[in-house]
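Q: Sending over a structure as structure tokens; questions will come in a sec.
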């Protein structure tokens, strides 16, 4: 039994776990992989309470070390994002087909809640373009008359259930579910949404009155085209294009010189003020330039009683809420993670969900619609040097002051300038370099990205998202269905065996064939792997006989990458063993992992193959075969 | 770099493939993994034609070596399965709610077609219990009056589209799709179907007249119970139970002594003859014993004009055909593979699909319903010593003779005896040992099996199948979402590094932490893997400092099992690198595979990490770090 060979070790089976231990371990890894309770161990009762409070409201944790110096940074960042968020809020509310004040309401309440509960220090919370358009499109499919009170009530209902969805995901610790939407898919989805939103804004920018209600590119372009001869309004176009050019220039300046980021941050506010003043003195609104007209003054009214908890719109509210809530969550968490990675702190996905869920539930009762982390404002927040979520509080207070004091001043703001603001923001989300990189690195990611992109622009948001998720999954399944195998050879001068395609100098051993299986072996691939190994053996045998090498007597299957196996896989190994026996080839296994060894023993496969034919490494197997030969 | 160390090798990147090569390779592995055209290479035109003919009709290949001696075996096997199939055909037709002759028609035409085109030598083709019940249930949901002509036409329509589905899968080389239904799921599904069919047979066995049309266990048991006081017919029960006991005894004998398999094979025929004779002389049918009454005499009439190619039933026909066709295919291929593995010949999945598709299409035009490989008859065929598909031809001819000559004799056959035959066959499909083995080896497979089982018995066939497929996939996705990582240590006296949990004697190296990632790195797990590595590093560092060991300066990530990585994975590595830099820990990689290396280079990650920090093995990495230390 190989004990003459100094480096021979038996392949060991780890101590068997009871079913309960195994189950507990699996549950822990899925739901509590971050081990959230470790902090609570060995603490007194009152300390546990404080820690629990801090876990739910991180502000009590970082707030204790908060000082005036930090506040100075947060104050400046807060003012900057406030000047950006006010015009955006008014513009995004239009995407949702709601009156402009609802955008401002949202930017007042939700950042306050987030500041107490969120764990990101950089994201700026409020209405965002993608979610606003998604919500607007889905609401209009249910209730086409968006001036009706039902429409507004359905918006609050959807917001409420979006919050419930997000909170439920956090409480049930299902944070990992949003990992299922790949980065590539999000890129495509956002780019598609950006194009889609931009095209929608042609309505405002060109002053078109009769516009399609659909969001796909074909309907929109047809609308624009058919309105061409008389439907366009040149005064609107002049205002819109002028400020579009202005915003693009400020953006260009900010990109060239990172220190001048505030130029592009305050540009929307400047545009709104200038254009409002211009329309007011020229009375361009009498010449067909569409204006905001009226914004309600005062703080958020309560809307708790407006939410549908029964009736025919309840189902629609839940459906829209779940979809929009998931999209909002994905975007918010992705943005939060991006900035957390830059500053190297960790973001707790489940905690973020809880925070966003709570803020949307409270929002739905205070006349807000779905809010999440905004990419454009978070980036400005970060660049302006924010330190904590206090910048969100500052922004919220500025919005409050705006609501109380100056909303009537926005009466003459032309819609065209709001369209320009939206276009400039969303076009910034299209990142061609990243898409090119996807193409270079991983073609499948590129396809997922393009699938989401074209799904959104040609069909709808939901279809785009669905396409992306399906393609992402197809990739995983394909890899598990048609895994790779590699023929190994000995790297000269070492005892290491490597893929002969990757290491052309690696040489095969006479009389043996060494194959590595590069995947877990499951029902979906067990048959394929078995047949592939047999085919490889047959091909190799023919080749060796042609070259007058001895025929293959030993098949060594290197199992290091085989991290798991199921009953179908074990069945396939039994069949492989029988087929090899008929061909007078010995089956030798190298380095099966702990789980695989356990299952081999449970199924008595180790007895069938022979424990003396299972080695801890290929080198061991080869050395033993060379020494003992036929005795094995 | 490191050339002083004798065994140092650079990690190589395989020669880059063009996009087209890569695409071609992938398509080949998915659709043509068996390399079906290799035989045709370097052959003359006429030879190619012969090979092509043989590829579609394997009978031309094995038929050439066919001789009288082989025929003797096939003849005996054919007679044996014919005597088994005639009573089964009549019984299974009842499951489909069709007249008994349609079962016989199916057993005449489809085995002939299969004999020419099939590549299995052992399976016996014809109507089978599971598919018959599935078809019957689904048809009755569409047209509740199963005596109507529409019902029959819909059956042929479904059969036609089942054939089209099967053929399409074969022609499009989508054979791998049926690998997606795991063995464990099939076990549960079949066991559930067996219980479901058995309960349905209580109607015939107890002579109940008013019986539910639903297939789930609750409805059926309620039906049986409510009919209890007066609905049961004791004469029927006597006949049914008597022959049930007789059949079970013969089955027991056959199991105890394999040579007496023919006892259980001819028992159904004997039961039919005896019970028919008994009913005929006692005129028990006048006392409420339900009998077959009438079987049409003569060969299959044409039914090509009966298939719905338009109208309101076309959609239903397609839907039922696709579902039943997939189930039939899965069962047929699974049975074929089982026997092919025993005799060690290979079964071509795509060819099987083509054969089964053709036989069902032809069947749908000649008054047959969906046929596939039958487990009970195939087992008898195998035990009776069949050598080729000629046994199917023999069976088919016997059925033909039955149809022409003796069908009127079945008039007095009691339905109770048919129920007994069905019960005994299907209960043989429940294999508790295998289920126990599933539990022992793989808990997840067990859950999939149970999901399918309970889905079938409590809800419906489709739900059971759906549950099984979803659970099977969930397992794969779970594994890809929460992969394992392992801390490695050096196995004493070797240069091999292994999981310290599996090899407790393996020792860790001071100042280094070696972690192996046991999965491809995709969007669904990249974030988890990154955080898991960092958490492991933090935990390990605390422990080492407590034990007064030096702190960890090098993190070696062993990447042998990482067979693929996507852009999210690369992103995660970038973030990992940055986080480690802040902690003053060096990131070192060991043995990335060819695909991973290619993507690392394409994304310039190799430049970021430094090519001198990527080693072909852990031993190389450790040796180099020990030699060069801080210079690295």
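Cβ from N, Cα, C; glycine included.
All annotation found in TrEMBL is predicted automatically rather than curated by experts.
Per TrEMBL, the feature transmembrane segment maps to B:151-174, B:180-199, B:232-254, B:260-281, B:354-376, B:388-410, B:416-439, B:446-474. The domain 'STAS' annotation in TrEMBL covers B:502-625.
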Q: Mind checking which residues of the chain, 6+ beyond the ends of the transmembrane segment (B:388-410), have their Cβ under 8 Å from one of its Cβ atoms?
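A: Result: 59, 62, 66, 70-71, 74-75, 77-79, 81-83, 85-86, 89-90, 100-101, 104-105, 107-109, 111-112, 114-116, 118, 120-121, 124-126, 272, 276, 292, 295-300, 381.
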Q: Write out how many residues of the domain 'STAS' (B:502-625) are helix, how many strand and how many coil, based on DSSP.
A: 62 helix, 21 strand, 41 coil
Q: Of the listed stretches B:151-174, B:232-254, B:354-376, B:416-439, B:446-474, which one has the most C-beta pairs under 8 A with the transmembrane segment (B:180-199)?
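A: Out of the listed stretches, B:446-474 contacts the transmembrane segment (B:180-199) most.
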Q: So, taking each listed stretch (B:151-174, B:232-254, B:260-281, B:416-439, B:446-474) in turn and counting its Cβ pairs to the transmembrane segment (B:354-376) that are under 8 angstroms, which one gives the highest count?
A: B:151-174
Q: Cβ under 8 Å, sequence separation of at least 6 from the ends of the transmembrane segment (B:416-439): give me the contacting residues as numbers and ranges.
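A: For the transmembrane segment (B:416-439), the list is 87-88, 90-92, 94-95, 129, 184, 187-188, 190-191, 193-195, 197-198, 201-205, 207, 236-237, 239-241, 243-244, 247-248, 251, 268, 271-272, 275, 289-290, 292, 375-376, 445-446, 449.
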Q: What average pLDDT is reported by the model for the domain 'STAS' (B:502-625)?
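A: A mean pLDDT of 88 is what the model gives the domain 'STAS' (B:502-625).
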